[in-house]
């Protein structure tokens, strides 16, 4: 069966790493064209070396290209501002969009958690790197619990892997991730913190997830977390638990007060993760960026499979 042709818009680090993943691990998609705005960018040069069509004239260059009419899926790795323009044009032309920017026009999407709900959406959003790493763990606790009252994530990433866009949008990162912890992860209230670690040599991404839940015991949570880690590892091999899940119980004799929510009885879980990148283009310590491109590719493969089945 013919694979679905795809385009990548944005030839920077994220777009180039995604390109290399699509070249190295082809499944349901065929990368047809890479779009940039700098004719001399490394990403476009690498695309040409691999025999992939390119344009340095942005979205308009893509729309004028003979391959455009064959594109079924487009990945946008530009900026939130540019994405709003791109989405309108691509949607009008019947192209499904996987959004790697903070624009969040489409629904938040984390492949092993809620991708099956969004296969027919014209636009899906990849949340944030911290969201892709930690929301599966919140969801793992939520699916075996009656309620997750609160979930907090702390994402620590190498300072070297945080470009100017990340640094300029720290507040947006925390707000978006916290909201997705609630909407996708299933927590009543979510909070997100990001730390830029200046250590040399650079540290790989590390994440800590805290949940306050009721209605499940430690063994249920432990098994659910292990199962979810295995699901994420299918597309991010470097995703793993740093140590066994830690638990603390709160009962009627030692209730925990949650600001704004009242007293809590149940289980506090602490899940510690690390994410090592595959090194397809970005260095392996950039697990925070790698998990975004890997999740985007996994999402695209599912969208493409849906299109192929309907053809």
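Backbone N, Cα and C define each Cβ position, glycine as well.
Features as listed in Swiss-Prot:
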- 129: active site, acyl-thioester intermediate (ACT_SITE)
- 11, 12, 13, 14, 161, 162, 163, 164, 165, 166, 167, 168, 169, 288: NAD(+) binding site (BINDING)
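The two recorded residues the residue listed as 'active site, acyl-thioester intermediate' and residue 161 (NAD(+) binding site) have their Cα atoms spaced 11 Å from each other. In the three-state DSSP reading, residue 165 (NAD(+) binding site) counts as helix. Cβ neighbours within 10 Å of the residue listed as 'active site, acyl-thioester intermediate', excluding its own Cβ and spanning all shown chains: 30.
DSSP assigns residue 13 (NAD(+) binding site) to a helical segment in the three-state reduction.
All chains included, 12 other C-beta atoms sit within 10 angstroms of the C-beta of residue 163 (NAD(+) binding site).
Highest local Cβ density among the binding-site residues 11, 161 belongs to 11, counted as other Cβ atoms within 10 Å over all protein chains shown.
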